[in-house]
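**Q** Here it is, the structure, as structure tokens.
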Ligand code: NAD
């Protein structure tokens, strides 16, 4: 494909699909990887993370050929639109990409670019590993106990965005239909009302839970917990739990995956799990927020519908040091788009002070997903060494007495040095 503004790198090979059914990728040693630096602090953390990830690939005998692609403010300047087709096509064609944060301008009718990208590319699982890095500030007494990975459904539930505004003809039509045709005639208050509906499908639930179970098997995790609010929303959230359990019961051999469909009402420890099997259990979302703080060591991989995943992954991130270090990635069938949890933080933009760790560790996740485990581990170890030795950006320095405050660039340089030292 020829591009208007994107300049493909001079060398490098494409990542391709090795197996249509499983989505397994064929990854060359010199892949072309599209990168969006992002808006606001993305303009600083983007290049910084790129430098660190390049160094880690080189140190493990590989070569990333970055291809800058554009979205958000930068795209508006170049193309006069926020999400150019060629950006979406380049990411689609190259299958594995990484992005910094994009600003969502406030205003009616403006869809989040992040949501648009995830939906257009059908990146149905948002994955966020939450683990403690030595030296990171944490409000917890025992932050090392947290080592969870959240899988959040990315395409439906409240992300489907089906809502009607109070005072419109449309909302009154929906109200009439619900009251008169569907028989819920004593459910809604009189006067102005907003109405939203949330779809949760068998397809969306099952592929998300499958992705979480596969991840647990591949990464030697003990447990996948389905987190929902099925006691109140029986036919959406509850159904998510039932479909998730069906995946566990029907699609994997017992010795590999042990489904515990009654776990919602049982105490921990009552169930006998075959050795080496991944256990799939359930928790209600409100209780899970509590267990995450009180017994983080008992949980491992969490699989959730969209809104629960939003709350729980941010809460988990707060326990291990906050947004500056919380990484993520969006997985689809045979594709991945890595991105940090944080946004473009306009108030810190242009000051060369933001923390690039979240984007760097999102790159680690991307490397692991393409089978470069050694590169990913090197990234993590170098980041941890840098932070634990007290070389940190402002957001971490202000919580520590023994640390030096570095700029975004200086911090990235320190991580690169540690990569070379550890390699
Ligand atoms: P934000 O994540 O940008 O910032 C919240 C606060 O977290 C900041 O004020 C800052 O104190 C801290 N922070 C975030 N990232 C940091 C970093 N790397 N280093 C140090 N401190 C950091 O959230 P917001 O202010 O609510 O949103 C700003 C914009 O970003 C909005 O337009 C929003 O829509 C967008 N956003 C984008 C994404 C994404 O691209 N995936 C995610 C969230 C928000």
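These residue numbers are counts, starting from 1, taken along the chain as shown.
Cβ atoms are placed via backbone N, Cα and C, with glycine included.
Remember, TrEMBL labels are computer predictions, not curated facts.
So TrEMBL has the following annotated:
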- 103, 355, 394, 398: NADP(+) binding site (BINDING)
- 112, 114, 118, 128, 152: D-threo-isocitrate binding site (BINDING)
- 310: Mg(2+) binding site (BINDING)
- 32-415: domain 'Isopropylmalate dehydrogenase-like' (DOMAIN)
- 99: N6-succinyllysine (MOD_RES)
- 112: phosphoserine (MOD_RES)
- 141: N6-acetyllysine (MOD_RES)
**Q** What are the non-local neighbours of residue 112 (D-threo-isocitrate binding site), defined as same-chain residues 6+ apart in sequence with CB under 8 A from its CB?
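**A** Non-local contacts for residue 112 (D-threo-isocitrate binding site): 104.
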**Q** What are the non-local neighbours of residue 99 (N6-succinyllysine), defined as same-chain residues 6+ apart in sequence with CB under 8 A from its CB?
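**A** Correct list: 35, 36, 38, 71, 117, 337, 338, 339.
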**Q** If you count the C-beta atoms lying within 10 Å of each candidate's C-beta, which of the recorded positions 128, 141, 152 ends up with the smallest number?
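**A** Each of the recorded positions 128, 141, 152 was scored by Cβ atoms within 10 Å; lowest is 141.
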**Q** Output: those binding-site residues from 103, 114, 128, 355, 398 whose CB lies less than 6 Å from an atom of ligand 1, in sequence order; none if no residue fits.
**A** 103, 114, 355
**Q** Take the domain 'Isopropylmalate dehydrogenase-like' (32-415) and average the pLDDT across it for me.
**A** 93
**Q** Given the binding-site residues 114, 310, 394, 398, and counting only Cβ atoms in the protein chains shown, which has the most within 10 Å of its Cβ?
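**A** Answer by Cβ density within 10 Å: 114.
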**Q** Using a Cβ-Cβ cut-off under 8 angstroms and a sequence gap of six or more, which residues of the chain neighbour residue 355 (NADP(+) binding site)?
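**A** When sequence neighbours closer than 6 are ignored, residue 355 (NADP(+) binding site) has 45, 324, 325, 392, 393, 394, 395, 396, 408, 411 within Cβ distance under 8 Å.
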**Q** Based on DSSP, name the secondary structure state of residue 114 (D-threo-isocitrate binding site): helix, strand or coil.
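**A** Helix, per DSSP.
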